[in-house]
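Quick look at what Swiss-Prot annotates:
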- 1-25: topological domain 'Extracellular' (TOPO_DOM)
- Asn5: N-linked glycosylation site (CARBOHYD)
- Asn8: N-linked glycosylation site (CARBOHYD)
- 26-49: transmembrane segment (TRANSMEM)
- 50-57: topological domain 'Cytoplasmic' (TOPO_DOM)
- 58-79: transmembrane segment (TRANSMEM)
- 80-100: topological domain 'Extracellular' (TOPO_DOM)
- Cys97-Cys189: disulfide bond (DISULFID)
- 101-120: transmembrane segment (TRANSMEM)
- 121-139: topological domain 'Cytoplasmic' (TOPO_DOM)
- 140-158: transmembrane segment (TRANSMEM)
- 159-196: topological domain 'Extracellular' (TOPO_DOM)
- 197-219: transmembrane segment (TRANSMEM)
- 220-236: topological domain 'Cytoplasmic' (TOPO_DOM)
- 237-259: transmembrane segment (TRANSMEM)
- 260-272: topological domain 'Extracellular' (TOPO_DOM)
- Asn265: N-linked glycosylation site (CARBOHYD)
- 273-292: transmembrane segment (TRANSMEM)
- 293-337: topological domain 'Cytoplasmic' (TOPO_DOM)
Amino acid sequence: MEGKNQTNISEFLLLGFSSWQQQQVLLFALFLCLYLTGLFGNLLILLAIGSDHCLHTPMYFFLANLSLVDLCLPSATVPKMLLNIQTQTQTISYPGCLAQMYFCMMFANMDNFLLTVMAYDRYVAICHPLHYSTIMALRLCASLVAAPWVIAILNPLLHTLMMAHLHFCSDNVIHHFFCDINSLLPLSCSDTSLNQLSVLATVGLIFVVPSVCILVSYILIVSAVMKVPSAQGKLKAFSTCGSHLALVILFYGAITGVYMSPLSNHSTEKDSAASVIFMVVAPVLNPFIYSLRNNELKGTLKKTLSRPGAVAHACNPSTLGGRGGWIMRSGDRDHPG
């Protein structure tokens, strides 16, 4: 460690998918399509929820936050990757790398928390429908979103500050398409055991615990659905919850493969593929699985888009914050399955 030359590295090289030289145009088109699809889908959800006061209920409040996060998560990595492919450059500045690492961790953490909150919301709606409005009150809904935002902001800040105190040697090549913490740690000349321990602790507390909560929520949901006498009702509930659970398994499975295994067992190709799943693919699928399959939301979208000035109205802060706005009418509408 100490014998290596410690130099002040001003930039890193993101190799990304550079080994796929013959497929660079295809990769550019693929990631651009995925990014724009996710961007458009999540913006549509925000537009619909922001423009219709009838959708200012707990479920759609959580959906709006999820859509916002799913706009930001791929935006922290994909534009830079597309720029590097287009310009045939692979550099990213040292401050830019740390900033990218921070925002990726922050939005991934928040995505994880929101999936957990939405699983709980679904559990209350299905298992305690008569008490839904009482349980999912304004104060609880606000706390279920505010507390995760605080944790999601502060936790990656700790990792970023710890990373900023490490020394880096002449090796500045990152075998990834973004500045992932597990790709940066092996490049350091300093002792990174504390950093690795903090990563494992973070994954254990911020990802494993919520995933267990989600699993328990869905077990209770399945148990409640099995008591429904109508076969059609069971099929509808299982169809909806099954697609949600599949996405959750995809999200957590990818994160577990990247962050729960020791650094020595990491494979560049596997890490990149797994990261694409939870950084790019999941945010694209979320709008379709959680929202665009919802007839109520699709109906609102059609009415909103056909109305002049709909976008300006939806983006007006007063639309979301007036009296009787967010979450205040949680009992006015049935919770969509």
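The backbone N, Cα and C atoms fix where each Cβ goes, glycine too.
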Statement: By a 10 Å Cβ neighbour count, the lowest-scoring of the disulfide-bonded residues Cys97, Cys189 is Cys189
- request: Would you identify the secondary structure of Cys97 (disulfide bond) according to DSSP, in three states?
  value: helix
Message: Please identify the stretch among 140-158, 197-219, 237-259, 273-292 with the greatest number of Cβ pairs below 8 Å relative to the transmembrane segment (26-49).
response: 273-292
Whether the transmembrane segment (197-219) meets the transmembrane segment (58-79): three or more C-beta pairs under 8 angstroms: no
Three-state secondary structure, Cys189 (disulfide bond) (per DSSP): coil
Message: Using Cβ atoms and a strict cutoff of less than 8 Å, what residues sit near the transmembrane segment (58-79) while being 6 or more residues removed from its termini?
response: 31, 34-35, 38-39, 42-43, 45-46, 49-50, 100, 103-104, 107-108, 110-111, 114-115, 117-118, 121, 125, 136, 141, 144-145, 177-178, 279-280, 282-284, 286-287, 290-291, 297, 326-327, 330, 335-336
- request: Tell me, please, if the transmembrane segment (140-158) and the transmembrane segment (101-120) are in contact, taking contact as 3+ Cβ pairs under 8 Å between residues separated by 6 or more positions?
  value: yes
Statement: Its residues classified by DSSP, the topological domain 'Cytoplasmic' (50-57) shows 5 helix, 0 strand, 3 coil
Query: What average pLDDT is reported by the model for the topological domain 'Cytoplasmic' (220-236)?
result: 81
